[in-house]
Ligand code: SAM
């Protein structure tokens, strides 16, 4: 007989009660109790038995179980020590799953990949992320340039919209550019509060980030590119010229800055939110050529 899925509300409550587990809001613990959502998340990652999946924050293993039934190898990193014995118990039918206790922001992911994903044809990150650390986790995954195919994550809806936003829209900002530099984002679905226990007090969405083979634009110096882009958004309502002046030419007149913007073919009266990623790449190149860092 097939055992009941971990994620049904009844079984989730039973596991939690039997282990005397109490939710910690500070760790973003909102567990999924809906089969359809779990199915949609896993489907968006395009996993097959020759692929690996890295899950961040498995909770009591609801998503982990679905991943174990779809991918060849699954590794889950969970910060909360109290969940480890629960995970060992509920995931015992799945020999292709390993669980590590730790803070994903501190874990050596290259080492983890070498230990767990040898021989798989590709790895995706699939997770219902703890919302309080969504951006640091995603930026760590992307900046370390791990060999990832997809990142499919449940996150706060507002953050998902910012990641997928296009130039000129109100949601477009440095997060959109940072994510889109490495990935092609696609909103998979928005999610009602009722699929979690306890229910979060923000709206949620699932986003798929298809990791690009190479970044979307060619830049000479990534740190400089990200810095100039971030400086352009420091005060959203200011023009690009005003923002860049505060950061790069605080004590000088505007002539030099306007000359550089002209070289980059960017009107100084535009706002940072209207520039495309390509325009930021050109701007960074022009500044670097002029020795402005
Ligand atoms: N995957 C489970 C589910 O969908 O039901 C739980 C998701 S819950 C939103 C987030 C999980 O991430 C919790 O289990 C929490 O303890 C864990 N977590 C929070 N911060 C973490 C961190 N820095 N590193 C690893 N896990 C973390």
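Cβ coordinates come from backbone N, Cα and C, glycine included.
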Message: Quick check: of 52, 57, 168, 173, which does TrEMBL put in the same S-adenosyl-L-methionine site as 30, 32, 78, 103, 128?
response: 57
Task: Please find, for 30, 32, 57, 78, 103, 128 as listed binding S-adenosyl-L-methionine, the greatest distance between any two Cα atoms, in Å.
output: 21
Message: So if I draw a 10 Å sphere around the Cβ of residue 128 (S-adenosyl-L-methionine binding site), how many other Cβ atoms end up inside it?
response: 27
